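Notes for the one structure printed next.
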Amino acid sequence: SSGHHGMPAETNTKPEGMEGDMDLQFLLQGGDLLKVRSSSWKKTRYFKLQEDCNTMWHESKKTFKTNQTFSLADISAVRMGRQSEGLRKYTGEQVEGRCFSIIFKARRKNLDLIASSEEEAKQWVNSLQKMLSIINNLTAQQKTEHWIVSCLRKADKNEDDKLSQSEVKNFLRLINIEVDDVYAEMLFKKCDKSKSGYLAGEEIRHFYDLLTHREEIVVIFGEYAKTTGYMSPENLVEFLMKEQREKATLADAHQIIEKCEPDENAKQKKLLSKDGFLMYMHSPDALVLNSDHREVYQDMSHPINHYFISSSHNTYLMEDQLQGPSSTEAYIRALLKGCRCVELDCWDGSDDEPVIYHGYTLTSTILFKDAIQAIKEYAFKTSDYPVILSLENHCSVEQQEVMSHHMRSILGSALVTSPLGDSMPTEFPSPEELKGKFLIKGKRLNKLEASFAAEAEAADDTNVTEEEESNDEDEDKKEENQSKKKKLKMAKGLSDMVIYCKSVHFNGFEDARKNLSFYEMSSFKEGKALELAEESANAYIRHNVDKLSRIYPAGIRTDSSNYNPVPLWNAGCQIVALNFQTSCSDMDVNQGRFLVNGKSGYILKPAYMRDRGSEFDPITLTRGDWLKHKTLHVMVISAQQLPKVNEKKSSIVDPLVKVQVYGVPDDVAEKETNPIDNNGFNPTWNENFQFDVYVPDLALVRFAVEDYDTTSDNEFVGQFTLPFNSLKMGYRHVPLLNKNGDVVPSAGLFIHIMVLDAE
C-alpha cells in the first residue's frame, strides 16, 4: 500500500476489526439529513464521517463555506425519535420514526435531525451508537495512541506521511509542548536516522517513544523487574503488596499479565514487559479510586434519611436564574449525573396546562407534563434508587388537579401514593425498598396519620384549607408584607400524593422534636442552615437522625453560583441542593461525594450520624468513634497530556497541582506545587505534602490542575475529587475531569499516596 508507506502499521485509523464493517461504511459514505432549528428553520445538510473515523463533517447545499465538524468523542448520546425538546416542539408526530437527536457533552446545542425514512434514521442511530461504544471501549493505552496519531495527522500539513522539521514543531505544539528550536532540532536529528530531513515510518515511532517516555514508571519497573528486564508474576505480587498495599496472589498477577501485556512472546512466558506494566498502571484497578467502591458497596436498607442524597436546585434551568432558558434537557442532565432530588417550580399556564419556570423572572417556560415525561424516561438510567420530586407550587387549585393527573398517568405505579405498609409508618422506607419509585415532596392539607384514622371515612372530599405558616423559597422571592398566616389552598388529589416528604415551616429543633412527625421536613436557605451548622451542629445532627432537611442556595445567587455543601453534610443534612448546571469546585465536591457507591446518588452517613443520642460535633470534635486521626502523605509526581486551556495556538500551559482536603473544619487544608514552565505534555514535580485528617469518614480529597498565571487568576485545567476513604495507596494515576465533569481523554496525574494511623 504505497499511500501509507510512511506511517507505522499500528496507526491504522479504523478501529480494529472494523475494516469491512457495514455501519462504518454507511457513515463514511454519509447522506442528506434535515436539520431542525425551529418550526420555520429546517434545512438539508450533507453529513458524513471523515476518513479519520472520528470527525463528523457536514455542509450546506447552497454555499460550500459552512462546512462544520465535530468529533465523535464530543457526543454524549444519540437518541431515536422525537425525544428532544426541539423535535417535540417543531415537528409533528407523523415523523416520529424518522427523527433522531445527537446530544453533546459540553454546552453545545443538541443537533435535531430528520432522515428521509424510518429505516435510514435507524441506520444512522445504530451506526453512530456502534462507533460511540467502540470509542468508549478503547483502553487508555489505545486512546493515547489514538490521540498521538490524530495529532500527527494534523501536524502533517502536506499529507505525505512524513514530518518535516517545521511539522514536528507544529506537532509538539499540538501536544502541548513548547520546545525551543535547539531542543527540537536535537530530537529531530536523533530520530532522523536516514538523514533525509524528515521523519517517516519507524522514525516517527522513535520520535513518539522519546515523547511518551515515562522516566518515573521506568524507575519503579526497574526496582521490581529483577531479572531480564521483565517482571515475573512473583515480582509483580511483591510490587502490589509492598508498594500498592494490595492483597495480591500469584493468580492475580497471572490475570494482570494476561490482560495487560501487549507483547505476545512475553505473555506466553508469563512475564510483564515495561509496556505491559505501563498499561497496567493505567488500568481501572490501578487508579486512585478504590475500584470496589465504583459499585454499590454500602448497605442500602437503612431509612432514606440516613443517607446523603444527591440533590439539585431549580433543576429546570440551563444557565442563570434570571433570563436563561428552562429546559427538559436540564432534568435529563441532572438525572444522568445521578441526581436523586429534582425541583419543579410550577405556575399556571395557558390552556389549563401548568408550566415550569423561575417565577417573576424572564427565564423561559416548559410544560409540567413534558418535564414529568423527561424525568420518567431518564430517572433510573444512572441509578435505580428513588427520585424525590420537590414541588414548588404556585398553581391554582384547578391546575394543581391537572398536575396530580399528569403525575398519576405518566409515572403510574412508580409513583408512591400511599405508605408502603398497611399501617401508619413510624420511619422512612429504605432506598432498597423504594427502588424505581418517585416520592413527591410538597405541602399537604393534613397529617398523614389522619388518613389512617377511622374518621377518615367520613371526611369530605372537597379541597380543604388549613392555617399554614409560610416557608419555602417562593416566600423570599416576593418581598411583599404578607401576614405570616394565610390559608393554604390546595387540590386534595395533589395533597394526597405527599406521603413521606411533607413541607413544613421550621420553628426550632425543640419544636420539631415535640410537634413534628418524621415525614414533616423543612427547607433551609443556605445562610440559615450554615448558622445552625456552626452554632448548634450536634442538635442539627440529632434532628437529621429522624427527619429530612433540604438546603437551597441564597436568592442572591442569581448567577446560579453555588455554596460549599460540606459543612451541611457535616451537620447531617441529606438534601443539600446545588445548581447542577454550574461548573465550580462546589459541584466538583458534590460529584466526588457521589462518585462512589455505584453513582447511586445515596451515600450512607457514618453510624454516629444515625444515632439519636449522638454526641458528635464537627466543630468542637470531642473524643468519640469519629476520631480516627490519620496522616495523608501525597507525592505529586507528574502529569500527562494536560489539555490546552485556550485554543490560541501558542498557549502552552504552565501547570501546577493543588491538593485540597474538605471535611470537618479541623481537616480543611490546601497545598500546591510550584508551576512548571511551558509543559503540559509530561511535567514532573516530585513534591511531597502531608495532611492531618481527624474525621476520615467525612473528608474528601480534591486534586486540581491549574495553569499558572502571574498577572491574573490561574485558569482551571482539570480536577478529580473523591472521598478520603476511597483512596488507594501506592503509585496511582488520577483521571482528570473537565469543567463539565466529563473525563478528559488521555490526561492524568501520577501520584503516590500513603495513609498512616497518626500516633
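Positions of Cβ are set from backbone N, Cα and C atoms, glycine also.
Annotation comment: TrEMBL describes 26-133 as domain 'PH'. For the domain 'PH' (26-133), the DSSP-based tally of helix, strand and coil residues reads 35 helix, 40 strand, 33 coil.
Within the same chain, residues at least 6 positions away in sequence whose Cβ sits under 8 Å from that of Asn314 (Ca(2+) 3 binding site) are Gln321, Glu343, Asp345, His358, Ser560, Asn579. Annotation source TrEMBL lists Ca(2+) 3 binding site at Asn314, Glu343, Asp345, Glu392.
Positions annotated as region 'Disordered' by TrEMBL: 456-487.
Annotation comment: TrEMBL describes 613-738 as domain 'C2'.
Per TrEMBL, Ca(2+) 4 binding site is recorded for Ile652, Asp654, Asn678. Just so you know, the Cβ of Ile652 (Ca(2+) 4 binding site) picks up 22 other Cβ atoms within 10 Å once every protein chain is counted.
As annotated by TrEMBL, Ca(2+) 5 binding site applies to Asp707, Tyr708, Asp709. Taking Cβ-Cβ distances under 8 Å and a sequence separation of 6 or more, the neighbours of Asp709 (Ca(2+) 5 binding site) in its chain are Asp654, Glu715.
Between the CA atoms of Asp707 (Ca(2+) 5 binding site) and Ile652 (Ca(2+) 4 binding site) there is a gap of 9 Å.
The number of other Cβ atoms within 10 Å of the Cβ belonging to Asp345 (Ca(2+) 3 binding site), over all protein chains shown, comes to 25.
Neighbours of the Ca(2+) 5 site: apart from Asp707, Tyr708, Asp709, residues of the same chain with C-beta atoms within 8 angstroms of the site's C-beta centroid are Val653, Asp654, Pro655, Leu656, Pro675, Glu706, Thr710, Asn714, Glu715. A separation of roughly 10 Å, to the nearest angstrom, links the Cα atoms of Tyr708 (Ca(2+) 5 binding site) and Asn678 (Ca(2+) 4 binding site).
On a Cα basis, Glu392 (Ca(2+) 3 binding site) lies 51 Å away from Asn678 (Ca(2+) 4 binding site). Of all Cβ atoms in the protein chains displayed, 21 besides its own lie within 10 Å of the Cβ of Asp707 (Ca(2+) 5 binding site). Around the Cβ of Asn678 (Ca(2+) 4 binding site), a 10 Å sphere holds 17 further Cβ atoms from the protein chains shown.
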